[in-house]
Amino acid sequence: MAGFLLLSVIVLMNQLQLIFSYEVAVENLKELVQRTDLYAFPGRNADLPCNITPEATDDNLDLVLWYTDKSPSPIYSLDARHGGLETARHWKSDDMASRISFNISGSIARLQLDPVMKQDEGAFLCRVDFRKARTRYLDLKLRIIVPPKKPIIRDETHQSQQSLIGPYNEGDSLRLQCEVAGGNPRPNLTWWRESVLLDDSYEIIDNFEVKNVLQIIPLQRHDLMAALTCQATNNDVIPPSQSTVTVDMNFRPLEVHIEGDKRPLSAGMAIKIKCSTAGSRPPADVTWWKEGIELKSAKSIISANGNSTVSTLTLKPSIGDDGKMVFCAAANRYIPGSTIKASWKLNVMYPPQLILRLGRKVRHLPIHEGNDVDLECIIRANPPVTDIGWKFERRDILANHTAGITIDNNTLIIHKVQRSNRGRYLCTATNSEGRGESNTIFLRVQYSPVCTSTENIVYGAALHQPVEVTCELDSDPENVTFTWTFNNSMINSDIFYVYSEGASSTLTYIPTSQSAFGTLTCSGANNVGPQLKPCVFAIVAARPPDPLINCTVINLTQTIIAMECVEGFDGGIRQGFYSEVFDKARNNLKSNFTSQSPVFIADGLNPGTLYVMKMYANNFLGKSEPFLANVETLQAPPEQSRQDIGWHLQVKVILISGVSVVLVLILFVACAIILLKTRTPNRWKGRRRPVAHHQKYSEPLDKETFTNEDLFKDTTCEEKCPDVIPAEMKLFETAVCGAESSSATDMHLFPETSGTFVVLASLPKQLKQLESRSDSLKTSLKNSPPLTKDFGSSQGHQDSLLSEECFDLQEDYQRGLVETLLSTPPRDFQQTEV
């Protein structure tokens, strides 16, 4: 058992030594031998040479090992360490035992492969160990000859291209990359233009791919439709593999020009301009431009062969087009930068265009009183102007050396500018086309402070009470430094407090004795200079204010009295106002109120009442004497109170019963429709029925409250709302002969107070009053039943007939009227046919 283990260790160490020797040989292969490439066709045999002859005659061969790059183990070994070559032991790997042999006859030993397979391609290493000499290595690269695949042509975007490529733009560079994969040995890759060789340089991407890049810089017009071929070959036995592409191209336009005379133009007058171009492929796009703005009103015509284009532009120049360039641009839309242009500078006549600005010396500096100021009027006109004018606050300015105003062509110069020169300026100009006016410039003149009021201001002050004196200055700029003096002496900080902000300063003063009253002066200074004349304030002892004066009524209604007064001296301190309103008849106080201004508005008064208004001014020291005014409110209209009461009652009734009325109306209409469908009208029978007795009206109807329009109103409301018909009113209908209409005319009878009946014709302007004092008529009316909202609901009334007779109003109308009325039934107001 121990012997077996020992034998295993020895074998393992030999194997490790062989592996280590192979790795060392591979690492140092470049230093020991030069690699050799061998080519073979699949299915044929191949001889791999290895020199095993020692260099010295006294040296012998010990061991030959063959390796491949596919395995670290030998594929063949020749062991002559225990004897000569004749007794050497040969060993083959199981994978290649049937196809491999080592021929040591001859001067060069050969490892023979028969047949060669595709997987045999790779590196073979022959290691030869001698007894004395160092180990010899020979690296052989066995390559299988395989034809290359079809070349692939790619463009700049690495997209595969076939047949027609492009179109490419004239002047561009063409870069085509031809790639071929496969092939053993490595194929040669070349570019051809028909039979002319263009490029035979190629590079190896990796062991299995070759590329050749063709560049044509730049493309010219003769390159249109050129055929470019890429060929790949690695032997002389079979034809080369190839791919061909044809180049399509775009051409730039060669020429462009504007036709016609370039004459001056008139503003607002339309003209037609033509532009022609040629040489572009495809036809050029023609556009018109004016100062970078494209003009869209052009139309283009392309020639039959597509080589030339003519564009016509309709142009209506404006005032602002004078001096501008109009361009006709021809470009191939597919070629950037292919635009060529023809230009025309427009000459347009127009009135002056003016811009007013400050002169260069004062443009960016503040302007102080006493500085010289110049204004420049920039004029653009065609034709040139013939007159230039200046305006200040819309008034004309003329040259006046005494006032310091100088006009030099288009420049206005103001010498030693003053506050009075502060304002708005503009310039005007005139040419044959008209008159122009510039923009307005406000000339800001900065000045030292001045008082906002030229009068002395009086302040009233009470002893030991503070008084605030405000000094308001007019200054530009408004950052003012204030100085206060009292009785021509500097102020004492113990009794004065000053707060200043901008151009305003407030001094708080507390007089402590009668001698503390006097005169305050205030002066300021800014960046321009000090104030020349100070502001003066008189501090006097305060007292109650003076009475109000000139009080007048400014608004008078039935319930409002508004009065406005003029305030007097406020006593030197802030004052307020209040008023008392007395009812003069009752001698009692109606109201009193205060106001911030001398405007007094008393409301909630009674109409037609005389009031006494007392109006006061007051301050904390007391109040003034009152101003008395007797004012009577307006009388209310006689019917207004009753109408107001009725109106309020109606509003309340409507608000309470609005929804109920709507529901009742809807129900009533529904019932009327059902009743119409179920009833059989029987109104026009040719017989009369006796007239029922009617009760005489308890109260006569005032005829003056009815008009012709009232009688012609739709009776729908009367039928649906019977409550609105007075119970005392009686209405009859009859037919009247001789009316203007072909149909009978309705006559309406109304009783009057004296037993008189008023008959109203339903046609316009046929109102007639008929009087009948017949005893029989009175008796019939007296005995007739009362007219109520249920009138006509009985079956007898529903079957009432209308008389077919008529009477003539022109002959014996009293007798006929009485007879007809007594024989005609009352109108049924609940019949929708009426």
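Start at 1 and count along the chain as shown; that gives each residue its number.
Cβ atoms are placed via backbone N, Cα and C, with glycine included.
Automatic prediction, not curation, is the source of TrEMBL annotations.
According to TrEMBL, the signal peptide annotation covers 1-21.
The domain 'Ig-like' annotation in TrEMBL covers 151-246 (among others).
Summarising the annotation, TrEMBL assigns domain 'Ig-like' to 253-347 (among others).
Secondary structure of the domain 'Ig-like' (352-442) per DSSP, as helix, strand and coil residue counts: 3 helix, 52 strand, 36 coil. For 352-442 (among others), the entry in TrEMBL reads domain 'Ig-like'.
Taken from TrEMBL, the feature domain 'Ig-like' applies to 449-527 (among others). For the domain 'Ig-like' (449-527), the number of residues in each DSSP class (helix H, G, I; strand E, B; coil) is 3 helix, 46 strand, 30 coil.
Sequence annotations record features per position, and here TrEMBL assigns transmembrane segment to 653-676.
Residues or ranges marked as region 'Disordered' by TrEMBL: 774-796.
The compositional bias 'Polar residues' feature in TrEMBL is assigned to 777-796.
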What mean pLDDT score does the domain 'Ig-like' (352-442) have in the model?
91
Counts by DSSP class (helix H/G/I, strand E/B, coil) across the domain 'Ig-like' (151-246):
3 helix, 58 strand, 35 coil
